[in-house]
Every structure is written in structure tokens, then in C-alpha cells.
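Annotated coiled coil per TrEMBL: 20-54, in sequence order. The domain 'UvrD-like helicase ATP-binding' annotation in TrEMBL covers 197-594. Per TrEMBL, ATP binding site is recorded for Gly218, Ala219, Ala220, Gly221, Ser222, Gly223, Lys224, Thr225.
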Amino acid sequence: MSMIHDSEFQKEEEHLAYTKGYMEILLQEAEQNQEKLKEELQQSLAELKDLDSSLSYTSLLSNTKFLEMATKELDALKRVKSKPYFARIDFKKNDQNQEDVYYFGKTSLYERDSQEPIIVDWRSPVASLYYDGRLGNVSYSSYEEEVEGYLSLKRQFRIDNGKLVDYVDVDLTANDDLLLEALSGKADNRLTEIVTTIQAEQNRVIRADLNRPIIVQGAAGSGKTTIALHRISYFIYHYKDKFQPEQMMIIAPNNMFIGYIAEVLPELGVDKIRQTTYIDYVKQCIGKKIKVVEPEQKLISLVNHDYEDEKMVRWSSHFKGTLTYKKIIDRYLRTIREELSPTDDFFLEKFKLTTGKRLERLFKSDYRYLPFYKRLEKIQNVLKTEIRQKKKQILYKLEKRYDEQLEQALFHISNSEKRKERVVYLMDTQEKRIEAIQKEAKSAVKSYMSRWTKETLLGYYKKLFFDVDRFSSFAADILSEAEIQFFVHYNQQLLIKNQVEVEDLGALFYMQHILFGIDKDLRAKNVVIDEAQDYSNFQLYALKVGLDTEMFTIVGDLAQGIHSYRGLENWHTLQTEIFPKANYVTLQKSYRTTIEIMNVANDILGRMPAELPKVEPVIRHGQLPTYYSFTDADDLVKKVKLALDRAEAAEYQSIALITKSESESKAMMQLLKRKLDYPVQLLKENEEIQKGKLVIVPSYLSKGLEFDAVLIATLNEAFTLDEIDIKLLYVSMTRPMHQLSFFAKHKNDLLLHYVADEHIEIAMV
Ligand SMILES: Nc1ncnc2c1ncn2[C@@H]1O[C@H](COP(=O)(O)OP(=O)(O)OP(=O)(O)O)[C@@H](O)[C@H]1O
């Protein structure tokens, strides 16, 4: 830590004052500009009303654009005014004699005349030195070029409300102090940006090659969601000319989660990106209403062992997400292609305009890059062109032929009666045929195309399962007879009600892409997938081909794969078959929880069937997790109150009570409402978390969220050694930042007998 108020401090104060002063001037100017632009815009609007001239329309457009830009700049400056920058480095390039000083902030600022940077954006190449570099000889890459040099200072500032509080000169060890300070902050029901304390391993993910996909297996709390959002921000900074934020998309597990991350997006300048769930996105792309069975329903039924044929239900869920299922779908699509492919010659009256062979070749080969129904549209255009181009020629030919025949008749038939008859006949038929051609020219294309009646996507999917023999022929070498029977029957039952499950969405999205295509406006070019372990290989494959992009950031954690019956069991297929060019990174460090909480979670992680590496918490200590045993409902409420008091005493803002299932959450809600005077919120999938309330949430919905303090309680439903149960418990245990308490009648109900004695404290109350 530096000596406060020494001359160095004074220099930094002066520098801050200078920066703020400069910003102030710019802000004033920008505001004036904005006013002027607004006036001009109004003027153009008025002109547009008066006379619909293209000139005023152009001026309207450019004024709107300028106003947008000015507003954006103004907003960016306003946002960082109270903290223009957070760090500084001193760096001497090897080929220079002089040291350069860089101040890093959330936006860049240049001295207008000299174009010297006053603040450098954290996403610029040189900022990597701050995140990665130790002091001494270092290098960074800037647009394919490696810049080498000597880093002599890395300084971090605490600036509060525009005032310099102090600064820290950091090397690698001192860096942890700052991180700890950031982490010991309170969770405020939302995610925050971490530009000041991004760690080197995270920085590598954020800045990894933007043109290649990246897959991140990261432990609970390793910052996956956070760094995925920072990577988007980084992407936008580097490709602002090529891509609009609207072309980016983040796929989150549910709408509540979208609300949870939404607040950090403006801070990172990425609020305009499309934020959606897989279900909503597929629905939007299909454009027709499809009913998707409530996604959590199957999980709940599996947890409760409700299915008669659980093994087969699990198998079917898993199978629908595999690339082997895609094989079946591909075979089906091939038959659809055969059915749709034109084979008949195209005639105008008796004239063959083009052969079926040619049309078939166009459909199957030349237009191969297009969805089937788009190919038919093209064929239709080809036919229209044929008519347009050949009708005149045909009429000409016809006339010529009749003229010749008339001539023949006139000069070669000597009997006048017969000649007359022949001439009349020829003239009549000529007229009739011309009329017929004119008429048919108008309808020939339509009538040729009418052999294809458009089927809907769901219609096609239904047909797959309702023709059992055909399905068997597609699946015979892939599935056993028993599997085919189960699978067909299971899907028939759903489809009869016009329903599909989340598991079907991979196949449906894929079929939509092959049959009808994905609307261009909906095709994101850069996609972030959070909680990726919950998606299947087929779902991710379908997205890749449907969107026609490789720019994917895929982050997830297999240990939290509570939907692994339908999601990923490992990253292997994704890495080798779907995204072979992907960078793969693992993050084992957890930034969220204390060592004490992670110890307990790691003990539970050890019970999972798959061998998973332990999570390493950053060095941050806290209280031991506490176990409260209770006898009855009254006793439980009393003890929950104790834990709430403890959290309140520590001034924690966000507290959650997590139960295994939704019905347990409801039961807890009623109990607490009846017996405890405390504001509570039962969290539902489409709701936002309300501040200042105890959030009661089922374990599977708590995934991805974080709270200052977490209470895990079982009332009627204990956690067992089933894989899903262990994962649900692990997810729940890794939600708190600071405090964790357990409530059960018996330790075993929360699998706490698998937790080392020294890792847990038993409340003596
Ligand atoms: N470098 C960092 N500096 C400060 N805070 C950080 C850093 N990295 C992560 N965090 C904090 O750690 C917490 C966990 O981050 P995040 O939710 O992104 O992790 P996650 O890997 O998505 O977790 P999970 O898989 O459990 O949902 C957040 O509070 C985040 O702000």
C-alpha cells in the first residue's frame, strides 16, 4: 500500500482532476451537440411531413444516426464520470526509450488535438498487460503483432464519487488483496462487472480468438457467466464496425436468469444484445405456436421416481439429444427431399419448356445450399422465367407452323370445298391454341407447383412417429425393437396432444433449418450459451448449422448438470464433432464462495458418480457452515429465524432459502408466512428477484444465481444418493458468497454425514 498523501498521491490527484476537467468540457460540448442535433432532427421531421422528398429523408436518417452516436458517447462519459479509470500501468516498449503511462477505464478518452489517449479502454490490446502481466519483461499482442517491453508499474485506484481515496501498487501477490476486497462485497441480487479485477485465467477466456468457438468447463463460481458477458463486450469493442449488438445473442436457462444478468449489460455496453432462452428462441424461429412441456416437469418426476418406466424415459430423453438421433432425422429428411423433388417435365400447352430431370437437378444439387421450401420457391421462379422467355417464341413458332400449313392447303388442295374446310379448320385451331397458350401461360406455374402442399414443421415431426413402419426402417440398424416401440409410442402420446418436450427442440430447430430455413433477421452471428451442460449435443449442433456461425462462447459446469438425462455428460462430442476448432479451457478456481463453504461443497462433489476435480476457492475465509437440526415445524421456524438474524447482523442484503423441490418451497413459504413475520418471495421461473426479501427457491431454479447467505432446508423431501439429488444439493451449496446454514431433522437428509466433521459446525440451540 502506498503512503497516502505523499507527493505521488498528489500527482495522481492532479491527474484525476485533469481527466475530470477534460471530461467535463467534452460533456458540455456533447450536450450542446445533442441539443443541436435534436433541433435538426425535428426540422427534418417537419420537412418530411411537408414534402416527401428523399433529401429530407436522408437528412433525417443521418441526423438520427448522429444523435444516436452523440447520445451513446454522452451516456458512456456520464456513466464513468465518477470513476473515469481504475488502473494505471507504466510500460516501456523495447524499441522506445521512453516509458508510456496508460490509465484504464470502462471507456476510452482521447486528447482532441494530439489524439493521445487520456483513458484507455479495458478492452484494448494493451490492457492485457494489466490483467496478465507480472512486473518486468512482458509482451502483449496487438492486431497480430507481438509488442514486447518492460512493465515497471501496475497501480490500482480506489476512486469514490470522483475523489481519489487511495491507490495500491500491485504485483502478483498483492493483486489477491484487491480481489478479496471485491469478493467480500455484498451480493445485491444481481451480477456485476469485474473489469477491475479480472484474473489472468479469465482474461484468457475473454480475449481468446474471437473467430473461434470457445468451450469453458468452469467450476461453480469461477465467473463463467460474468466472463461470458465480458467477452461479448470485448467482441463488440473489436468488431463494432462489422457487427451490431443485435447480431449477438445470449441463451440463458430461464427468464428469471435473464433478469438477473440484465443489469450488468448496460455497464458493459452490451444491453442491446438478444437475450433469450433456447425454448423461446426456437419458438420464435419456427414462427408457429408449439406447445413445449414445462421443462422442469421431467426433472421433478425423475427426482420423485414417478415414472413406471424410468429407465426408458431417461434413455429416450438422452437419445433425443444425440447425433445418432440426428442420423434418423437425416434419413427422414432425405425421404422428404425425394418427395419434394420435382420429377415431371414442365409444359406450356403441348410445348415442353423444361425437363423434370433439369428441375430435379436444380432442386437436389444446384440449390443444395438452400432449405427445401426455399428451393421450391427458386424452382417456381425458374418456371416463371421459362414462361416469360419462351412464350413469345412458342407463339411465333406456332403461327409459323400454321402459316406453313395454310400455305400448303391454299396451294396444294385443288378441291375448293375441301380447301375451304381445311383452311377454316386450321385457322380455328390456331386461334384456339393461341388462346389456350395465353391462358395457360398465366396458370401453368401455379398448376405445376400445386403438387406440393405445404406441411408444417410439427406436421412433419408428427408424420415421423405416426408411420411406425417407416420410422422402423430409419432406425432399424440404430435402435432395438423394444427401443423403437417405446420411443414411437412415447412420442405419439405427446404429439397427439400437439406437445413436444425440450428434448425435441434440437431436432425441430434442425428440421426447421433444413426444410424452411431460419429467418435472416433472427440469425445471430455470435452466440453465448450459459449453463451449457443443460443442452444436448443435437441442440447445440442445430444452433451451429441453423445460424451458420462458429462464433460460440459455450460455458458450463458438468458438476451442475442436473439435467444430464437430457443434457451433456461430457464435452467430448462437442469438442471433437461439433466444434472441432474450439478452444477448450477449464477454470477450477471459485471466486464466489469462502473456503469453508467450498470445503463442504467439495465433500458432496466427491459423492458424484463421475470423478470430478475439486474446486479451489480463492483464499477467502468465512464462518463454518452451520447445521441446525429440528424436531418439528415450530422448531424449524425458530431456527430459521436464528439464521436470518445472523445474516442480518452481518448486514447481508440477499438471502435465499433453497429447498429440493417446488412443493417443498411452497410448504416452507406457507410455514414462514404463518409463523414468522418476515418478507418472503417464492421465486418462480418468470419472476425477478425482489430486493429485501427472503427468496425461497427450489434448488433447480437457483442454478446460476448467487446470494450473500443461503439456508438449505428439507421439510418432507430428503436428498438421496441419486445422481440428480447430489447435483441439486451441490448447486444449492455453491450459491452463497458468505454464509451457509442447513436445516434438517437428520443430518443424513442433507447428506451431511458425507461431510467431514471439521467442515461443519453443529448449532447448539
Ligand atoms: N475476477 C473477479 N473479480 C471479482 N469478482 C469475481 C471475479 N470472477 C468472478 N467473480 C465473482 O464471482 C461470482 C461468481 O461469478 P459467476 O456467477 O459469473 O460464476 P459462474 O461460474 O457462472 O457460477 P455458477 O456456475 O455457480 O453459476 C460473482 O459474484 C462474480 O462477480
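Residue numbers in this text run from 1 along the chain shown.
Note that Cβ sites are derived from N, Cα and C of the backbone, with glycine treated the same way.
This view paints the features noted in TrEMBL onto the structure.
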residue : record           : Cβ contacts under 8 Å, 6 or more apart
Gly218  : ATP binding site : Lys224, Val555, Gly556, Asp557, Val585, Thr586, Leu587
Ala219  : ATP binding site : Asp557, Ala559, Leu587, Gln588, Lys589, Ser590, Val615, Glu616
Ala220  : ATP binding site : Asp557, Ala559, Gln560, Ser590, Arg592, Thr593, Ala601, Val615, Tyr730, Val731, Thr734
Gly221  : ATP binding site : Ser590, Tyr591, Arg592, Thr593, Val615, Glu706, Thr734
Ser222  : ATP binding site : Asp557, Leu587, Gln588, Lys589, Ser590, Tyr591, Val615
Gly223  : ATP binding site : Ile194, Gln199, Gln202, Leu587, Tyr591
Thr225  : ATP binding site : Leu191, Ile261, Asp530, Val555, Gly704
Task = Report the residues of the chain - excluding Gly218, Ala219, Ala220, Gly221, Ser222, Gly223, Lys224, Thr225 - with C-beta within 8 Å of the mean position of the site's C-beta atoms, for the recorded ATP site, in sequence order.
result = Val555, Asp557, Leu587, Ser590, Tyr591, Arg592
Task = Within 10 Å of the Cβ of Lys224 (ATP binding site), how many other Cβ atoms can you find? Include all protein chains, please.
result = 25
Ask   = What does DSSP say about Thr225 (ATP binding site): helix, strand or coil?
value = helix
Query = Over the domain 'UvrD-like helicase ATP-binding' (197-594), what does the predicted model average in pLDDT?
reply = 93
